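A quick write-up on the structure given underneath.
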């Protein structure tokens, strides 16, 4: 009975090759749409956005998780490029920095037209698939990029923003971030302020995906209950597998299922294993858990490549996606489930967001109250009349009367 023992390693190798071959076969027909990649930030950090610097050539770019050969090897067919500006730009130059990073994405697509197709719709993604190009979309990572302005939000939409992450790792005046749940930030909005609710409604009206990565649990729940369309978590994993507050807890996963929304799993080691080291199999554990709790329709990929310092063994860069798909097939995921995670789930959610939009509806116009705006370097134009300025004028009046009150008290 042991006469064939020497064949076992060969059988294992052949089985591994089978799953890898199957992964490539599936991905040729259904390439992956990744929800979050920070290559634009690397282009700023390494080259100050000088894309014509010979070192910035994306066909030979070194030292990053992402370049054109790696995208091709990984069967990446769609990418939300992250337009990110750090939290320390809030109330300073966040809007300018955001515009510059959007410009980088546009220029990158124009410089490599044989590889990238800039798109703003689900139909555009499908067109890129047909042309064998990487559908390139813009996701703005952090609500501080709109500077608490509905007008800025609409302008960013016109420039191509197709998802907005409501916060990064800092509160905005209208939404709370995930550090509230760790105790490292104080809650300001109890999820969403009234102005934050208007932001959600305006994103729905425009047909912009709402991204709940980085937000507090209260903000997750408030948005899932308010939004008229499904939402995404562009780069978040499962809290029950790794208890990082950047991940999505099971009660929220159940809301994701109820709203037909989407969790695109982040590959950062500390959100996968809760340690500095992780591996591909542990990423698959997160995908399994989300599928179990929220359903196969709720699963996607948001690797956070080039935005994190540590990625799992076996997922060293964007070229490794076929190995992750092979692992899911090894775990008895069906071809339909795999295709859903690769692209179909994101396309379904995006199409639902587009269908829920209503550009003929009047836009949200009520600005944020002046006393809720942060930062000292602001003018008050437009607040000189109406309720918002009334509180300010009363405050100035009371301040001017303070010396008189003090004098009277001394009489």
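Cβ from N, Cα, C; glycine included.
According to Swiss-Prot, the features are:
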- 1-16: signal peptide (SIGNAL)
- 36, 38, 141: Zn(2+) 1 binding site (BINDING)
- 57: N-linked glycosylation site (CARBOHYD)
- 87-170: disulfide bond (DISULFID)
- 141, 214, 235: Zn(2+) 2 binding site (BINDING)
- 168, 246, 304: substrate binding site (BINDING)
- 242-274: disulfide bond (DISULFID)
- 279: N-linked glycosylation site (CARBOHYD)
- 332: N-linked glycosylation site (CARBOHYD)
- 358: N-linked glycosylation site (CARBOHYD)
- 385: GPI-anchor amidated serine (LIPID)
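Listed in sequence order, the recorded positions near residue 214 (Zn(2+) 2 binding site) (C-alpha within 10 Å of its C-alpha) are 141, 170, out of 141, 170, 274. Same-chain residues with CB within 8 A of the center of the 141, 214, 235 CB atoms, the Zn(2+) 2 site residues themselves not counted, are 36, 82, 84, 142, 165, 168, 211, 213, 234, 236, 304. Same-chain neighbours of the Zn(2+) 1 site beyond 36, 38, 141, judged by a C-beta within 8 angstroms of the site's C-beta center, are, in sequence order, 37, 41, 80, 81, 82, 84, 139, 165, 234, 235, 304, 307. The secondary structure of residue 242 (disulfide bond), as reduced to three states from DSSP, is coil rather than helix or strand. Considering only the binding-site residues 38, 141, 168, 246, 304, the residue whose Cα is spatially closest to the Cα of residue 279 (N-linked glycosylation site) is 304. Note on proximity: among 36, 57, 332, the recorded positions of the record, the Cα nearest residue 304 (substrate binding site) is that of 36.
Closest to residue 87 (disulfide bond) by Cα-Cα distance, out of the recorded positions 36, 38, 57, 168, is 168.
Of all Cβ atoms in the shown protein chains, 24 besides its own fall within 10 Å of the Cβ of residue 214 (Zn(2+) 2 binding site). Sequence-distant neighbours of residue 358 (N-linked glycosylation site) (same chain, six or more apart, CB under 8 Å from its CB) are 205, listed in sequence order.
Cα distances from residue 57 (N-linked glycosylation site) to the recorded positions 235, 242, 332 are smallest for 235. For residue 38 (Zn(2+) 1 binding site), the count of additional Cβ atoms within 10 Å of its Cβ stands at 24 [all protein chains shown]. In the structure shown, the C-beta of 36 has more C-beta neighbours within 10 angstroms than that of any other entry among the binding-site residues 36, 168, 246. Residue 279 (N-linked glycosylation site) counts 15 other C-beta atoms within 10 Å of its own C-beta, drawing on all protein chains shown.
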